Structure formats: structure tokens, C-alpha cells
Ligand code: IP8
């Protein structure tokens, strides 16, 4: 049993204050993750760490920079957040180890992501829990762009042949046009009106990009908020099931 879980940056950080951790949410999430059986990969987003620095330097998934100072600034912030997340997981009894995508991934000129996944596979074989994060990555012809945690979740889930995928976000699931949480999404067209359109590379563009990417996976993916994390850890259907 292999589970890939994304912890949204807005869940574990305070969005409005640069580099502020939401300590109680992080500890709660770590305690839940400690109960997930089998092989577990954790990915976390940028929250008020990565997004703050990315915005300061004008860098996104499509707009790159050749300023090494900007790269160090974004990557450094994400490493600081990753250390806090790994420590919280360790305190909860999880065999968590850090993985930094800047050194393990790149984009080709068309934006396609290439992530080395053999280290993570070897970590899982040795019963470690790799903890990755949204980051900056070098892109051919564009300097360095942003890779979101959602993109990493999709790459890792496919590469690790995940059985279940979880996206713990700020909302309890994907809303329909009336503001109700949908139980299940099986095709993008079913929800295009509710989540809005997005192009294929728009992975940080909110729910539309998430839904599109998660639909491409073989494994069922669930979008839920922190109140649903315990149930997800127990293997229950929670929030919105995608796929
Ligand atoms: O919060 C973004 O990751 P996300 C990471 O998963 C950075 O979109 C560096 C802004």
C-alpha cells in the first residue's frame, strides 16, 4: 500500500505573515500522517514561505529567472519550511527524511517536468518517508521557474504506482456551482463550469489545474481539509474523490 499525500502550504503556514508556521495545524497533520499504514510519500506546498519569495522575485511556473540570488531566496525559504515539516513529522514518530526537488528535477523548454524518483523509491524500500516540497527548478531556456507541490504529487504518484493520493488543502473538497462539496469527479467536463478552465500547464492556478492533473492518475485522489485528514489516514472516502 503506497500513499502520496500533499499538505497544502495554506494548511501548515499562516498565509498573511511571511514565513510563519501554523504550528497547531502542522502538529495535528503530523499526528495523522503517523497513522497512515504502509509506504508514505509526503509533499508540502509553499504557503507563506515559497510563494512570498517567488512573488518578490516575479517567478512562477512559467516566468523564470536567471538571478541566482532569487533562486537561493526561494529555495532557501522552502528548505527552511521543509526542515520544520520534517522535524514535526519526526516528533510524531514518522521516519521522515528531506528531499529537495531543485537538485532532483528540471524542466525542458516546453515546461515538461523531469523528476528523479529512484531515490524516493529506494527510501520507501528502506522504510523512510520522503518529504518533498514545491521548489524552484531549472528550466531549459528560461533560467529557473517554480515547481508546485501538485506537480510533484502527480509525478510521484505515477512513478511509485500509488494506491491512494491525498491533497489536504484549505477547503473541504471541490465545490460545485452552488457551493456544495462534490462527492466524486470522474471527468473534467463534469466540473469545468464550477472550477473554471485552465490550460494543461496551469498547475498552480487553483482547483481547475489540480482536478485536471489528479484525473490523469490511475489511483483515486481525494481533496479534503485538515478535518478530513484522520479519515483519509484510516483509508476512508473523504472530501471529493477525483478519478
Ligand atoms: O504551494 C509552490 O508550491 P505549491 C512552491 O504547491 C513555491 O504551489 C516555491 C512557491
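Just so it is clear, glycine is given a Cβ too, placed from its N, Cα and C backbone atoms.
Because the structure is a prediction, the values reported are computed rather than measured.
What TrEMBL records for this protein:
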{"type": "DOMAIN", "residues": "1-215", "note": "domain 'Aspartate/glutamate/uridylate kinase'"}
{"type": "BINDING", "residues": "6, 7, 8, 9, 10, 46, 47, 206, 210", "note": "ATP binding site"}
{"type": "SITE", "residues": "15", "note": "site 'Transition state stabilizer'"}
{"type": "BINDING", "residues": "51, 149", "note": "substrate binding site"}
Which of these recorded positions (6, 10, 15, 51, 149, 210) have a C-beta closer than 6 Å to some atom of ligand 1?
51, 149
Looking at the binding-site residues 6, 51, 210, which sits with the largest number of other Cβ atoms within 10 Å of its Cβ?
6
May I ask for the distance between residue 47 (ATP binding site) and residue 15 (site 'Transition state stabilizer'), taken between their Cα atoms and rounded to an integer number of Å?
6
What's the most sparsely packed of the binding-site residues 8, 47, 149, counting other C-beta atoms within 10 A?
8
Considering Cα atoms only, can you say which of 6, 51, 210 is the nearest neighbour of residue 15 (site 'Transition state stabilizer') among these binding-site residues?
51
Work out the three-state DSSP category of residue 8 (ATP binding site).
coil
When you tally the Cβ atoms that lie within 10 Å of each candidate's Cβ, which of the recorded positions (10, 15) has the highest tally?
10
Just the number: how many Å between the Cα atoms of residue 149 (substrate binding site) and residue 6 (ATP binding site)?
7
How long is the line from the C-alpha of residue 51 (substrate binding site) to the C-alpha of residue 10 (ATP binding site), rounded to the nearest angstrom?
10
